[in-house]
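*Asks:* Taken from TrEMBL, the feature compositional bias 'Basic and acidic residues' applies to 1-15. The region 'Disordered' annotation in TrEMBL covers 1-25. Taken from TrEMBL, the feature transmembrane segment covers 37-58, 92-114, 148-168, 180-201, 306-327, 334-351, 415-440.
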Ligand code: NDP
């Protein structure tokens, strides 16, 4: 009898422990539940200054030939007042509003109305209905992967209308660049505001919401994990992967067309930027199903950071090199241009292969070959909100044995190549590599904090086997 009672008590204790573990994991896994002063200060800084930074960069190209220091010098010496700069800034126009509304509506249409057909004839391409990763609440969302098709249709229509039917000029994006900036801001703020209201009052999945109680933090980092309208309109996938990224290559093409119009030629530096960034964008769409397993979709909630960031920050600051080259048409020496091309391609190769190795490893549950050998890994476990225990594996061979985020290193090499293509006359085109270094280093630390909370001691074992983050032997 006593033995029976003891067994029952032990079972109750085990159950209690599991509940506590669950609470701990619910409290830790994913976005923070409590806001420290540093996060709050950073968020307030970004909310206040990120829109100004974008404006400053675009304005300095428009009014100061891309010099970042001249506007400041003008203001500090009293040569110009803020109102002088503002008065010379193009305002919102009906034309820009019409172009932007048409663009976003068309992307919504392509996203929700045309099921993927590319996977039916492109060997190796994964499209159509695909599943995302398990959310902290244990939900597995379905997505319609049709981004490649949206990109192809948009670009075919662009070429047909700009070059065959002459319905608009290929310089249309450059010619309306600042008025379009206001439209992008309106959409970015509207969608972020809608997201927080939706998160509070009618979330898609209440169990996957996080409310810290700090309005600024919740607005910036988002409340809902996967806000949706209907079955298929997923905010995160749409804003991350449609209006801004599909436009990225069109924006670069428009800058190249403007360079041709103004200077009578398209320089090799402009071609390099178009080609290297084009590969990066096409890679994104070719691997969109893989993208469902990246941090943006798997771990980040949808707030201003993603909503405004995807609408404004990405299309305006990721395309600075092309914009710069319109004002400064740099013709590179052939050997230098080849060096930049090699750096860009090597960076891309590392970026793609590292991501591919993890994807293959996770898809096959480790039953694959990495560099001709069976992969090495560490077994680990974690729990979802409802207390269900899941098992996972962390690979310790291939590029993942060199460093814990070698994919970021490849990305940084590619980013540096875009900047080097612009020569050394101005700082502005180098903003991208500075920003990406900060973004990916911070992302690496953020991700590791999350993984450590998720996997606990298993993560410690992993970091002991793979001690470096980005550069073996250095960091
Ligand atoms: P990763 O693809 O590196 O994903 C990190 C996640 O992978 C971890 O949270 C963990 O998730 C899992 N993981 C970590 N280590 C291992 C391992 N050893 N074996 C198996 N799984 C592991 O990060 P991102 O999603 O941030 O990046 C994806 C790509 O997108 C990168 O190449 C990055 O450079 C690029 N990127 C580009 C940006 C841009 O603006 N251009 C912005 C952000 C990213 P789990 O919980 O499943 O274990």
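Positions of Cβ are set from backbone N, Cα and C atoms, glycine also.
Where the annotation comes from TrEMBL, it is an automatic prediction and has not been curated.
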*Asks:* Take the C-beta pairs under 8 A between the transmembrane segment (37-58) and each of 92-114, 306-327, 334-351, 415-440. Which stretch has the highest count?
*Replies:* 306-327
*Asks:* What parts of the chain pack near the transmembrane segment (180-201), using Cβ distances under 8 Å and only residues at least 6 beyond its ends?
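*Replies:* Counting only partners 6 or more residues beyond its ends, the transmembrane segment (180-201) has Cβ contacts under 8 Å with 51, 54-55, 58, 91-92, 96-97, 99-101, 104, 173, 209, 211, 218-219, 222-224, 227, 235, 239, 243, 302-304, 307-312, 315-316.
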*Asks:* Apart from its near flanks, which chain residues at least 6 from the ends of the transmembrane segment (92-114) lie with a Cβ under 8 angstroms of it?
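*Replies:* Residues packing against the transmembrane segment (92-114) from afar: 144, 146, 149-150, 153-154, 172, 176, 179-180, 182-184, 187, 230, 232-233, 238, 242-243, 246-247.
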*Asks:* Can you work out which residues elsewhere in the same chain, 6+ from the ends of the transmembrane segment (334-351), have a Cβ less than 8 Å from its Cβ atoms?
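*Replies:* Same-chain contacts beyond the flanks: 268-269, 272, 275-276, 279-280, 283, 399, 406-407, 409-418, 420-421.
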